[in-house]
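**Q** One structure follows; several queries about it will come next.
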Amino acid sequence: MPVITCIDDLKALHRARTPRMFYEYCESGSYTEQTFRENTADFDRIRLRQRVAVDLSDRSTASTMIGTDVAMPVALAPVGMCGMQRADGEIKAARAAEAFGVPFTLSTMSICSIEDVAEATQAPFWFQLYVMRDEAFVDDILARARAAGVSALVLTLDLQLLGQRHRDLKNALTAPPQPTLANAIDMADPRRWRWIAEMLATRRRTFRNIVGHAKGVENLSEIHNWTAQQFDPRLDWDKVARIRDEWGGKLILKGILDPADAGRCADLGADAIIVSNHGGRQLDGALSSIRMLPSILREVGDRTEVWMDGGIRKGQDILKAIALGAKGTMIGRAYLHGLGAMGEAGVTRALEILRRELDVTMALCGERDVRNLGRHNLLVPGDFEGSWQE
Ligand SMILES: Cc1cc2nc3c(=O)[nH]c(=O)nc-3n(C[C@H](O)[C@H](O)[C@H](O)COP(=O)(O)O)c2cc1C
C-alpha cells in the first residue's frame with residue numbers, strides 16, 4: 001500500500017482500482033476539456049502572502065454554510081453514479097461526511113436512493129434536483145426528499161441538456177456495465193476484483209431514485225440517451241420560482257457563472273448560490289469558477305451566500321476561494337478519488353488531507369481562524385479578472 005499524502009495519491013489508486021469507464025466518467029470534462037483544465041490551473045495563478053510572528057495556537061477551520069455548522073467550509077458536491085465508483089458509494093460518502101462534520105449532497109442521478117441514504121445516516125443531508133419533463137416525477141421526488149428529512153434542496157441549473165464527454169461515448173458508459181469484451185478485459189485486472197466483489201454483494205446497481213419512480217422508466221442504463229429524453233429543456237426562472245415555492249425549505253441554486261444570473265438567484269431569495277461550471281463538464285470554453293467568483297460577489301454582495309466549486313484539489317484552493325470572498329466551497333472529484341481508492345475510509349482520508357492542508361496554509365499566512373481570511377491573504381495577478389471583453 002503506497003503512502004498517501006495528497007489527493008493525487010488517492011487519484012492514482014482510484015484509477016487503478018476502478019473500471020476504466022467510471023474512472024474516466026469522473027476524470028473528464030466536455031469537448032476539449034479547456035474549462036475542466038482551467039478550473040484547477042487558475043487556482044495556481046493566485047499566490048499567498050506569507051506572514052510571520054503571529055501566535056498560531058488555537059486555530060479553527062470551523063464555519064457555517066446556510067446556518068449549518070461545518071468542520072471546514074466544504075460540502076460534498078452532488079455527483080451522479082457515485083455508487084459505481086464503489087458499491088454503495090453514496091452511503092459510504094454520506095457516512096464519511098457525517099462523521100467528519102461536513103454536508104453531503106445526494107444527486108438525482110445517484111445509484112443509492114434518497115431512502116437508502118436516509119436509512120444509513122443520522123444527520124440530515126442535502127438533495128440535488130435535476131428538473132425532468134415528467135412533472136409528476138418532480139413532485140414525487142420533492143415529497144420523498146421532504147419525508148426523508150432532507151434539509152436543503154440544491155437545484156442544478158446548468159444541465160438542461162448534456163455537454164458531450166467524448167470518453168463516456170467511447171467507453172459506452174452504462175450503469176451497471178454491459179457484459180462486453182472490452183469490459184471483460186478491463187475487469188480482468190486483479191486490482192479491480194475488490195470493486196467487482198463489492199458490486200456483486202450489493203443490490204444497488206442502477207439509478208434507484210428514478211427506476212420504479214419515473215413513469216415508464218425500467219432501464220436507464222444508457223444514461224446519455226435517457227438524459228436527452230427526460231431532462232426539461234424548458235427550465236426557466238418562472239419554473240425555478242415554482243420549485244422554490246413547492247419545496248418551501250432552504251434552496252441552493254447551483255451552476256451559476258454569470259453576475260446577471262447570480263442577481264436573479266438573489267432576487268428569487270436563494271439561501272446560497274454555487275458559482276460552478278459543473279466541473280468543466282458542460283460549457284467548454286467558459287471561464288473557471290474561481291475566476292468568475294469576484295464579479296459574482298460584487299453583483300450580489302451579501303444578498304445570498306456565495307459558494308464555489310470546480311478545481312479544488314488542495315486545502316490551499318479552499319483557502320483561496322474563501323479569501324476571495326466565498327462563504328463555502330464544494331468538492332466533487334477530490335472526494336470521488338478517495339471513494340474509488342478506499343471506499344468510506346478514502347473519503348475520510350480526502351477530507352482529512354484537505355483540512356490539514358487548509359489549516360497549515362492558513363497558519364503560514366498568519367491566520368488562526370478560517371472566518372478571518374480575506375483578500376489581504378492573497379496576491380492576485382492583475383489580469384485575473386476584467387481582461388475579457390464582452
Ligand atoms: C463524476 C461527476 C458527476 C457529477 N454529477 C453531478 C450531478 O449529478 N449533479 C450535479 O449537480 N452536479 C454533478 N457534477 C458536478 C459536481 O457537483 C461539481 O459541480 C463538480 O464536480 C465540481 O468540480 P470538481 O470535481 O473539480 O470539484 C458531477 C461531477 C462529476 C465529476
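Glycine residues also receive a Cβ, built from the backbone N, Cα and C atoms like all the rest.
This is the feature table in TrEMBL:
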- 1-383: domain 'FMN hydroxy acid dehydrogenase' (DOMAIN)
- TYR25, ARG165, HIS278, ARG281: glyoxylate binding site (BINDING)
- 78-80, SER107, GLN128, TYR130, THR156, LYS254, SER276, 309-313, 332-333: FMN binding site (BINDING)
- HIS278: active site, proton acceptor (ACT_SITE)
**Q** Using C-alpha atoms, which one of the binding-site residues TYR25, ARG165, HIS278, ARG281 comes nearest to PRO78 (FMN binding site)?
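**A** Closest by Cα distance to PRO78 (FMN binding site) among the binding-site residues TYR25, ARG165, HIS278, ARG281: HIS278.
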**Q** Going by C-alpha distance, which of the binding-site residues TYR25, ARG165, HIS278, ARG281 is nearest to GLY80 (FMN binding site)?
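**A** Ranked by Cα distance from GLY80 (FMN binding site), first place goes to TYR25.
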**Q** From the centroid of the CB atoms of TYR25, ARG165, HIS278, ARG281, the recorded glyoxylate site, which same-chain residues not already listed sit within 8 A by their CB, in sequence order?
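**A** Once TYR25, ARG165, HIS278, ARG281 are set aside, the remaining close residues are SER28, GLY29, SER30, GLY163, ASP168, GLY279, GLY280, GLN282.
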**Q** Whole-number answer please: how many Å between the C-alpha atoms of HIS278 (glyoxylate binding site) and THR156 (FMN binding site)?
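**A** Distance between the two Cα atoms comes out at 9 Å.
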**Q** Quick one: average pLDDT across the domain 'FMN hydroxy acid dehydrogenase' (1-383), no decimals.
**A** 95
**Q** Tell me, how many other CB atoms lie within 10 A of the CB of GLN128 (FMN binding site), whichever protein chain they belong to?
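**A** A count of 23.
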**Q** By a 10 A CB contact count over all chains shown, which of the binding-site residues listed here is most packed: THR156, SER276?
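**A** Comparing the binding-site residues THR156, SER276, the most crowded Cβ belongs to SER276.
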